[in-house]
Amino acid sequence: MSESRTSADGGMETSYGFREVPDGQKQGLVNQVFHKVAKRYDIMNDVMSMGMHRAWKDAMISALNPRKEPGYKVLDVAGGTGDIAFRIVEASGRQAHATVLDINGSMLGVGAERAEKKKLSGNLTFVEANAEELPFEAGSFDAYTIAFGIRNVPRIDAALSEAYRVLKRGGRLLVLEFSEVDMPLLDKIYDAWSFNAIPQFGKAITGDAEPYQYLVESIRKFPNQENFAAMIRQAGFSRVTFTNYTGGIAALHSGWKL
């Protein structure tokens, strides 16, 4: 879980994968990871999920069911390459406007380039900012989405509080994230894949295994489904639920600002 702890010398520390690092260092380390993988991010997701992330994202968009009417506004956080935002805009019949927010400029650059090629630039705004301090007024969005990004935020509680703040009354939060496998045999298989195969595939694809090692470790440090649902409730959300995908390899969390 990404929560701060006091170190032996009295400073505050948080987890970066299986390592403990000073609070102020995690964001910079995470940024380095995503600068390295930005241009191969979709391949990275294929490796991390054994290709299943595409079906999970489709299920997320189906759950959101974006309105097919002008004025529907979605904030997609940690969505730099645009994958989720593109799906939302298309599912709305190109009526929705999606603001793609990411702290990493390299990821946003990839997304903006793809948006232009898809002729979706008019439906999208790309913003470089921190999920813990969103540069938007309260009640600005109908929906807030984040896919495979919340576990990389140093202060998850702050990000959830900000999500609640910027949503309109009646707005919805959807968080898709790797989670805790709830099937013993699958758990063993997925662990073997994660710790043995994923870093090596990453090295073969990008020449660097370290980003993939961090990403695998960050999944194991993330709160399980029940604990993360409790964090969402603590941020003020109502009707909080989660749905497991592929035996809990991933989970979709939902909450409403009522």
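Even glycines carry a Cβ here, placed using N, Cα and C.
Noted in Swiss-Prot for the protein shown:
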| type | residues | note |
| --- | --- | --- |
| REGION | 1-21 | region 'Disordered' |
| BINDING | THR81, ASP102, ASN130, ALA131 | S-adenosyl-L-methionine binding site |
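Fewest other C-beta atoms within 10 Å: among the binding-site residues THR81, ASN130, that description fits ASN130. Reduced to three states, the DSSP call for ASP102 (S-adenosyl-L-methionine binding site) is strand. DSSP classifies ALA131 (S-adenosyl-L-methionine binding site) as coil under the three-state reduction. Sequence-distant neighbours of ALA131 (S-adenosyl-L-methionine binding site) (same chain, 6+ apart, CB under 8 A from its CB) are VAL77, ALA78, LEU101, ILE103, ILE146, GLY149, ILE150, VAL153, ALA158, ALA159, GLU162. A 10 Å cutoff on Cβ-Cβ distances gives ASP102 (S-adenosyl-L-methionine binding site) a total of 27 other Cβ atoms nearby, all chains included.
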